[in-house]
Ligand code: NAD
């Protein structure tokens, strides 16, 4: 299995070579500024005790406070958290946010925990790391298998420990606790704004374009819903339990209801069950990975038939696969651009918390659209300038900004 942090460092080196990045900046960006670790022990409902390893990686804060989600997953590793915090640094920079990059994780299968155990674990995470967090230090958010309820428990624990109201210490909160309108769909909505720009560049017509989506969670399910409204034909989707495909466009509202009822997309009327591996290789126009890392590798990249891959997941494509896809003229719209809508609306949430004044859905969407379209245009122009792939172009764009901030502060 590819190590995501090694993948991240390869991506960094590719961009550094193209842009002739200052070697001192490059060297400093090869490791996170700090990685905090903890063991969180909770009393389970049956009276036993259980310990969960946890991390908070603070990669780079040259542009502003560390920012990034917390992942609950049985497969989380320290290197994965480090990679995700590096990608957050690049992501915030590529869309021009005044934020650095961080990420957290706990090794846990949250599906095996009761609600009470999940709350204890989430409060435990804040007890372990709260001194390193705060609106001007490091601001967490949801990621895989964490949600607005978990953010609410974390905010409450932080405020109890510090004795102050600090809604801006975490984003992705429920609306009633200072969350932003549009945050739940923000990652997908940002992805749609970017995808529509990419589709124009590639002369694709939405209602003649077929799409397969891997992952039917926050990012993937909202993407399916929003793309269907735009006329795209979603013909295959998957989740951790399996994948489905259909000859015709899927009815996404009915599929969402089916997933809610059965906790799986498989078994949906009129579809054929396939594997997640088969889904990636379907003859569709656009493939959207929206689950986990390392899905498109040197092993399967040559069999990808999509003309475009839009990465809603973080790190779904390995550097070896990137080279094969580039050679085969598959356009890869990279994660740090394609899924930056989530952190952009998280940033809006922080701005609203800081001013204690809240925006309408329309205001959020208008501002998000402007940022995503501008970022796409900038990355596309960099790709043309250096004749490189979009991922390297996105890294070059981000590194110009992070590098300038690091140098302005003084490197040592
Ligand atoms: P989520 O927990 O809401 O959903 C994850 C989905 O992936 C679930 O449907 C799950 O069943 C599915 N899945 C897990 N393993 C799978 C596998 N092996 N094959 C197919 N499907 C599988 O998480 P999310 O928030 O939607 O995050 C998904 C990806 O998007 C992650 O890489 C995350 O880092 C990235 N992302 C999320 C946000 C956000 O705001 N939620 C922002 C930026 C990036």
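Note that Cβ sites are derived from N, Cα and C of the backbone, with glycine treated the same way.
Predicted, not measured: the structure shown is a model, and the values here were computed from it.
Straight from TrEMBL, the features:
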BINDING   67, 91, 346  substrate binding site
ACT_SITE  103  active site, proton donor
SITE      143  site 'Important for catalysis'
BINDING   187, 218  NAD(+) binding site
In sequence order, the recorded positions (103, 143, 187, 218) whose C-alpha falls within 10 A of residue 67 (substrate binding site): 103
91, 143, 187, 218, 346 filtered to the recorded positions whose C-alpha is within 10 Å of the residue listed as 'active site, proton donor': 143
Greatest inter-residue Cα distance in Å for the substrate-binding set 67, 91, 346: 13
Listed recorded positions adjacent to ligand 1, that is, members of 67, 91, 143, 218, 346 whose C-beta is under 6 A away: 143, 218
Distance, residue 187 (NAD(+) binding site) to residue 346 (substrate binding site) (CA atoms, angstrom): 10
Integer Å distance between the CA atoms belonging to residue 187 (NAD(+) binding site) and residue 91 (substrate binding site): 12
Residue 143 (site 'Important for catalysis') and residue 218 (NAD(+) binding site), distance between Cα atoms, whole Å: 9
Pairwise Cα distance for residue 187 (NAD(+) binding site)/residue 143 (site 'Important for catalysis') [Å, integer]: 11
Which of 67, 143, 346, the listed recorded positions, has fewest other Cβ atoms within 10 Å: 143
Check: same-chain CB within 8 A of substrate site center, minus 67, 91, 346: 68, 88, 92, 97, 99, 101, 141, 340, 342, 343, 344, 347
Recorded positions compared (91, 103) - highest count of Cβ atoms within 10 Å: 103
Number of Cβ atoms other than its own within 10 Å, given for residue 218 (NAD(+) binding site): 24
C-beta crowding around residue 187 (NAD(+) binding site), within 10 angstroms: 26
Residue 218 (NAD(+) binding site) in three-state DSSP notation: helix
